[in-house]
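Positions annotated as region 'Amidoligase domain' by Swiss-Prot: 1-268. For Ser14, Asp149, Ile150, Glu151, Lys189, Thr190, Lys191, Pro192, Thr193, Gln194, Lys225, the entry in Swiss-Prot reads CTP binding site. As annotated by Swiss-Prot, UTP binding site applies to Ser14, Lys189, Thr190, Lys191, Pro192, Thr193, Gln194, Lys225. The ATP binding site annotation in Swiss-Prot covers Ser15, Leu16, Gly17, Lys18, Gly19, Ile20, Asp72. According to Swiss-Prot, the feature L-glutamine binding site maps to Tyr55, Gly363, Leu391, Gly392, Leu393, Gln394, Glu414, Arg471, an assignment based on sequence analysis. Summarising the annotation, Swiss-Prot assigns Mg(2+) binding site to Asp72, Glu142. Summarising the annotation, Swiss-Prot assigns domain 'Glutamine amidotransferase type-1' to 301-543 and lists sequence analysis as the type of evidence. Annotation comment: Swiss-Prot describes Cys390 as active site, nucleophile. Taken from Swiss-Prot, the feature active site applies to His516, Glu518. Taken from Swiss-Prot, the feature region 'Disordered' covers 545-565.
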Amino acid sequence: MQTKYIFVTGGVTSSLGKGIFSASLGRLLSDRGLDVTIQKFDPYINVDPGTMNPYEHGEVYVTNDGAETDLDLGHYERFLDQPTSQANNVTTGRVYMEVISKEREGAYLGKTVQVVPHIIDEIKHWMLKLGETGDYDVVITEIGGTVGDIEGQPYLEAIRQLRNELGPRNTMIAHLTLIPHLRAAGELKTKPTQHSVKELLAHGLQPDTIVCRSERSITAEVRRKISLFCNVEEEAVIQMLDAESIYEVPLLLRDEGTGELVVDRFYPKRGDENEKCSDTPDLSDWIGFLKRLKNPEETIPIALVGKYVEHQDAYKSITESFILAGVPDEVQVEVKYVPSEDLSPDTVESQLGDVAGVLVAPGFGDRGVEGKILAAQYAREHDVPFFGICLGLQCAIVEFARHVCGWDGAHSTEFDEDTAYPVIDLMEEQKEISDKGGTMRLGQYDCRIQDGSRAHEIYEADMVQERHRHRYEVNNVLRYKLLEEGMRFSGVNPDTDLVEIMELPDKRWFLGVQFHPEYRTTVGDPHPLFRSFVRACTAYAHEEDLVTSPQPPERKAVPLASVDM
């Protein structure tokens, strides 16, 4: 059976939710029995987002095979409950690098290398790569940015060519656009959408469906108008309203008939040629999850101490992991964002004294590091549940070395090259590397869990695999003194003996990890470390009277059908 391709473009403005739409559509098709994957093309010149400032880009999401990617891949994995790879995120910089490398190798036989055909052909190669594996029935391809952006034009040309080569029954274009409501006029305006589609048509692309992002329900008249002036059928004009939770969007799209629109086009004779594709999606698990999500029994406060908390997309996978970890136990986590720069001995009590747990987030650079160290100290001394991720683990070890081992000035060589007690040091294989991009310890590595440890109790396994993104590690030369003072290193890499997990056995829940468990949380399978941490925080919240009644989120959209909720 030939792989089908859905191309998702955007118009009028960025940040419309193409990633959430793609993930939600993928879930609707997956729940019909189809094998689906989603990829994203980013038009920027960076080879990957690994060296970009989180204020510019948000979180860098890491795949099993070590790709540093856009945060939308986190949405794809969480919604579809399956991993992505290097082939799921491609940038213009990567495309050009591949083409230039081929030219240097003589692959083009002396021809003049141009955008057409060479850059376009490289884009088409990556668009088809996942489908050619034979593992997927449907590949959804999201194009970053908006129609009309100069940097996006090669991608539109690649789609035009593929649509011609693969045929209309094997391709589909979904165009997301904004339908603004003008309060003064008291009506929804379609003109921006008309101009956006006109721009798409100028590139030789006729959208098959128009997805209308709006704060208000679009009327039948608005649908007819968009249908008439944008050359699509009325049933192909889909509204995608603002929702209380991104996890409601699959049901909102289901109610709009989005799944039927796709399968009727791709599989018109489902009973004969494709028994794998069912007529209706089985969303029972999703609906059960959403019921628990929207009806929690209690709310607990957890502090997220980080450097970039003003831009919450920088910690997107962590905040989503909190949400998903609480759902099975019907607990709503209220995240208190604490800028690590604001923490001092004078402010730490006011900032952390009213939370049920402290998570110290990953990061780079020395700004705010002392605040993170102070947060770890406060949690240890007050026996507040503590979870340190990547740099969070390193800060907890620095704090322990200073105040338990008595090593005054102990630090990481990332921040103090001359420290007398370099408890955190650059990994040996990193010392000869000068390039920044794509050179960290990236991707999935093994972690052997010590029997009898809290980590073993949580994982219920002797060996696990987790994703990494770091250059610095616990210094094994000083590690054994930390052990003597009561710290336990309950997880290590079996090949390199690098520390992966640290815990303090005498505390109620004090654990740090060098890897990033937030990258392995999905709707169907919240990460066990986050689940255990949230449970420990819930127990502490009950002891300290920090539990509150759940606060309903501000209602921004029509409620879901009562048959679901």
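Here the Cβ of each residue, glycine as well, is placed from N, Cα and C on the backbone.
If you compare every pair of Cα atoms in Ser14, Asp149, Ile150, Glu151, Lys189, Thr190, Lys191, Pro192, Thr193, Gln194, Lys225, the residues listed for CTP, the longest distance is 30 angstrom.
Within the set Tyr55, Gly363, Leu391, Gly392, Leu393, Gln394, Glu414, Arg471 that the record links to L-glutamine, no two Cα atoms are more than 23 Å apart, and one pair reaches that distance. In the set Leu16, Ile20, Lys189, Thr190, Gln194, His516, none of the recorded positions has a C-alpha within 10 Å of the C-alpha of Leu393 (L-glutamine binding site). Recorded residues Ile150 (CTP binding site) and Gly19 (ATP binding site) have their alpha carbons 21 Å apart, per Cα-Cα distance. Each of the binding-site residues Lys18, Lys225 was scored by how many other Cβ atoms lie within 10 Å of its Cβ, and the smallest score goes to Lys225. Summarised as a single figure, the pLDDT of the region 'Amidoligase domain' (1-268) averages 93. In the three-state DSSP assignment, the secondary structure recorded for Leu393 (L-glutamine binding site) is helix. Whole-number maximum of the Cα to Cα distances across the ATP-binding residues Ser15, Leu16, Gly17, Lys18, Gly19, Ile20, Asp72: 13 angstrom. For the pair Glu518 (active site) and Gly19 (ATP binding site), the C-alpha distance works out to 18 angstrom. Other than the site residues Ser15, Leu16, Gly17, Lys18, Gly19, Ile20, Asp72, same-chain residues with C-beta atoms no more than 8 angstroms from the centre of those residues' C-beta atoms, the ATP site, are Gly10, Phe21, Ser22, Glu142, Leu176. Once Cβ contacts within 10 Å are tallied over all protein chains shown, the binding-site residues Thr190, Thr193 are led by Thr193.
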